[in-house]
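Student: Please find one structure pasted underneath; my questions will follow.
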Amino acid sequence: IPSVSSIVPESCLLIVVGLLVGGLIKGVGEKPPILKSDIFFLFLLPPIILDAGYFLPLRPFTENLGTILIFAVVGTLWNAFFLGGLMYAVCQLGGPGLNHIGLLANLLFGSIISAVDPVAVLAVFEEIHINELLHILVFGESLLNDAVTVVLYHLFEEFASFEQVTILDIILGFLSFFVVSLGGVLVGVIYGVIAAFTSRFTSHIRVIEPLFVFLYSYMAYLSAELFHLSGIMALIAAGVVMRPYVEANISHKSHTTIKYFLKMWSSVSETLIFIFLGVSTVAGHHYWNWTFVISTLFFCLIARVLGVLVLTWFINKFRIVKLTPKDQFIIAYGGLRGAIAFSLGYLLDYQHFGMRDMFLTAIITVIFFTVFVQGMTIRPLVDLLAVKKKQETKRSINEEIHTQFLDHLLTGIEDICGHYGHHHWKDKLNRFNKKYVKKCLIAGERSKEPQLIAFYHKMEMKQAIELVESGGIGKIPSAVSTVSIQNINPQTLPLERVLPALSKDKEEEIRKILRTNLQKTRQRLRSYNRHTLVADPYEEAWNQMLLRRQKARQLEQKMNNYLTVPAHRVDSPTMSRARIGSDPLAYEPKEDSENLPIITIDPASPQSPESVELMSEEPKGCSGLPPSPEEDEEGLVMRVKEPSSPGTDDVFTPGNSDSPSNQRMLRCLSDPGPRPEPEEGEPFIPKGQ
Amino acid sequence: GCPQGPRPVTSVLALAVTSEQIEHLHRRFKQLSQDQLTIRKENFDSIPDLEFNPIRGKIVHAFFDKRNLRQESDGLADEINFEDFLTIMSYFRPIEMNMDEEQLDRFRKEKLKFLFHMYDSDHDGKITLQEYRNVVEELLSGNPHLEKESARSIADGAMMEAASICVGQMGPDQVYEGITFEDFLKMWQGIDIETKMHVRFLNVDTIAHCY
C-alpha cells in the first residue's frame, strides 16, 4: 500500500492543512488571516529564492541559458497576451456579468496568471528527481520570468489608469523590460561583489560570516524592489556572483551554517506559503463566475502547451541536444502556478479593479488545479513515459581532470578554427577572473589556487570527515578500496615520503580531525596495572611510544586507506628510530615472530576514553612496514590473534612480566627516543589512577 | 561551391559537414598554412589565443597523430593537408537526431578514442602513471608557483581511483599497469561525451556535400 506522501506531493498536503486550519478558524467565528502581499514578498519569498540562487548548478544553467531565456521571456509574454486576449473575447461574449471588464484589465489578469511559479515548481520537482536538464529548464524559466511579470504587471496597472495608451507608452514599456531585468541583475552583481569583498576580511570573526551572505543578499533584494526592478533576479545574481569567492574565503563551519540555514529558512517559508494559500482560500471573498473561471483554466493550459511546442520547434534549430517530445511534455506539464500569482492578484486595489474578487477566485482555482492535479499526476507520468531520472554521480577527481581537459581541448579547437564560440568566451572569462577578480576578492593564498587543486582539497576534506564519522562505529565506508600507491607505482619505496598537495594548515586540519577522533576512540586496557610492569627505566617512555606508534600507525593506515593520497608518514624521531633500529639484533625479523604476544585495540568498547586498554598488538617484526592489506580491510579494528604461547594473551597480565616474550618485546621497542612532542604523545593514564 | 582543395573530400566527411563549413574551414586552413598545401606544426604558432592554452602541445600533437588521421601506420606525420585537417575536425561534430544505438556507440567510441590518444603520448595503448602525471602537470602549468609535487599527488590519487573503478579490489602484489582503452571507456561511462565534445559551428545540417 503506497503511503500518502508517495502519491500526494507535499505542497498539496500543506494546502489541505491550510484549508482545514482556515475552516477551523472560520468555524470558531474568527476571521482567518489572509496571506498579505507584503509579508509574502518581503519575508516569505526571499529565502526560497536565495536558496535557489546560491545553490544554483551553474554549469547546466549557463549551458542552457539561451533556451531558458527564450522560455522565460517569450513564453511568458506569449502566455500573457494570448490569455489576456482570449479572456477579453470571453468577457465580451460572456454576458452582462463580464462585459465591463476591459482589455487592459484582462491583459493584467493574463500577465498575473501566466508566470510559472518557482516555489511550486521547486516543491513538486524536488520530489520527482527528474534529470538535470529538464529540472534546470523549468526551474530556470520560473526564476527568470519574474522580470517579465514585474514589467507587465506594473505596465498594465499603470495603463489601466490612463485615459489613452499611446504608442510611445508601449515602446517605453518595452524598454522598461530591459531596465528592469538588467538593472536587477546589476544590483545583484554589485551586492554580490561587495559581499565577496567583505568575506575576504572575516578571517578573525568567523562566527558572523554567514550573516554577511544573508544580509547582503537581502539588501540586494530590497534595493531592487525599491526601484521596481526585478528583486528575484537581483537575488539570484547576488547569490551566483558571491558564491565562488565567499566559499573560498569562509571557514568550513560557516559554509555548513550557510547551507543549513538557507535550507531551513526556505523550507519554513515554503511550508508557510502553502498553508497560507489554503487559509486564504477559506478566508477570502470569492466571486465565482463559471464562465470566467473555467475558460481561464482551459486557456491557461492551451496557452502553455502551444507556447512550449512552438518555442521548442524554434529552439531546436539552435540546440545541439534537441528537446524530445517527451521533454516538451514535461516542460509544458511542469508549468505550475503558485503563490506569486495569488499575491500579485491580492495587490490589486478595488478602486481600479472592481472585479478583483473574481480574479482572485480564478487565480486560486488555477493554482489549485496546477498544484493538485498536475502536481499529483506528474510523478506517475514521469514513470510512465520513462523520462530520464537524475543520476546520482559522485564527483571524482578523475571526472574533474577530464572535464577540465575537455574544456581546454574544445577551446583550443575553437581557436584553431577561428570560431569564437561558447568555449572561447568562457575561457576568456575564466582568465579574466583568475587574473584580476580573484586577487581582489579572495583572501591570501587561496586567490592563486587553481580550480583543480581547490577541488582536490575539498574532496580530501570530505573524505577525512566521512572517515571520522564512520570511524567511531567501526563501519567501513563502502567506497573504500584497497588500491594503494603500491598498486600503481611499484617502484615507490614504502618509506618514500610522498608529499600531498595539502598546504600546511590543511594538513593540520585533517590531522587534527583524525587525531581528535583517535583520542576519543575508546580503548581499553584490560587488567593493566602500573605496578605489574617490570620496573624498567624505559617503562614510561615505552608506554608513551607504544601509544604513539599505535596511533601513528592507525593514522597512517586510515590516511592510506581512506584518503586517496598517502599522507606523509608521521615522522616522529622515535618512530624513525624504532623503524630503522639502533639495535640491529632486535629488528631482525624473527622466524618465530608469531610467538610474540600481540596486542589488539578494541575501539568500540564502552569505557572512558581516558583509560587505555591494550589487548594485543601485532609487532610485525618491529619494522614498521606499511600494514598488510588484510588488516587494511578491517579498518580500525585490528585482529585479535591467537596467543601462541599459552597463558600469555596479554603483555600485562600480572606475573608474566618476566616471560621471555615480554623481554623480547621490551628489547624490541626499547629505544625511548627524546621527549615526545606534545601533540603526538599522550600521557598514559592507567585505569583507576 | 566546392573548395579548391587538392583532393575531393572523402565520403565520410561529406556526411558530416556542409559545403559552407568546408569552405570556412578551407579558408582557415589557407590562413594557417599561408597558402601552402600542407600545414606543419610551426604553423599553429600563428594562432595568438592558443598561447594561453595549457594543453596546447597535446592539441597540436593530436593533429599530427597518425592514429587520429585514420592512417594505418603509427607515429607522427610531419605535415597534414586539408583532408587530414577535416578528418580531425570531424571528431568534433555534434550528435545527430536520427542515430541508432549502434551508430551512437560508434560515435561515442570515436570521440573517446581521440581523447585517449591525447592522453597516451607514447602510443603504447595504455595511459601509464607517468603519462597521467604529465597530463595533470600540463593542466596546472598555468600556475608557475605551484610545486610539481601537488600535480603528482593529484595524478596519483586519480590513478588510484581509476584503478579501483576498473579493477576493484587489488592485493598488494598486483600492479596496475595503466589505463587501457576499455578502462577509459568505463571511466567515462557517467559523462555523456557525445553531447559535450563538439564545436558548435560544425552543425550537422543537411544536404550539399562535395565530391
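Yeah, the Cβs are placed from backbone N, Cα and C, and that goes for glycine too.
TrEMBL entries are annotated by machine, without manual review.
Predicted, not measured: the structure shown is a model, and the values here were computed from it.
Annotations for this protein, taken from TrEMBL, read as follows:
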- A:504-531: coiled coil (COILED)
- A:654-664: compositional bias 'Polar residues' (COMPBIAS)
- A:8-382: domain 'Cation/H+ exchanger transmembrane' (DOMAIN)
- A:479-564: domain 'Sodium/hydrogen exchanger regulatory region' (DOMAIN)
- A:585-689: region 'Disordered' (REGION)
- A:6-25: transmembrane segment (TRANSMEM)
- A:37-56: transmembrane segment (TRANSMEM)
- A:68-91: transmembrane segment (TRANSMEM)
- A:103-124: transmembrane segment (TRANSMEM)
- A:136-156: transmembrane segment (TRANSMEM)
- A:168-198: transmembrane segment (TRANSMEM)
- A:218-241: transmembrane segment (TRANSMEM)
- A:262-284: transmembrane segment (TRANSMEM)
- A:290-316: transmembrane segment (TRANSMEM)
- A:328-347: transmembrane segment (TRANSMEM)
- A:359-382: transmembrane segment (TRANSMEM)
Student: Return the stretch with the most CB pairs under 8 A relative to the transmembrane segment (A:262-284), choosing among A:37-56, A:68-91, A:218-241, A:290-316, A:328-347.
Tutor: A:37-56
Student: Any chance the transmembrane segment (A:136-156) and the transmembrane segment (A:6-25) are in contact, meaning at least three CB pairs closer than 8 A with a sequence separation of 6+?
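Tutor: Result for the transmembrane segment (A:136-156) with the transmembrane segment (A:6-25) is no.
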Student: Which residues, given as numbers and ranges, are at least 6 beyond the ends of the transmembrane segment (A:168-198) yet have a Cβ under 8 Å from it?
Tutor: 147-148, 150-151, 155, 159, 162, 212-213, 216-217, 219-220, 223-224, 227-242, 245-246, 249, 440-442
Student: Quick check: do the transmembrane segment (A:359-382) and the transmembrane segment (A:103-124) share at least 3 Cβ pairs under 8 Å, counting only pairs 6+ apart in sequence?
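Tutor: Output yes: the transmembrane segment (A:359-382) sits against the transmembrane segment (A:103-124).
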Student: Taking every residue in the coiled coil (A:504-531), what is their average pLDDT?
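Tutor: It averages 61.
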Student: Where among A:6-25, A:68-91, A:103-124, A:290-316 do we find the most Cβ pairs under 8 Å to the transmembrane segment (A:328-347)?
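Tutor: Out of the listed stretches, A:103-124 contacts the transmembrane segment (A:328-347) most.
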Student: May I ask you to check whether the transmembrane segment (A:6-25) and the transmembrane segment (A:290-316) make contact, with contact taken as at least three Cβ pairs under 8 Å and only pairs 6 or more apart in sequence counted?
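Tutor: These two segments do not touch.
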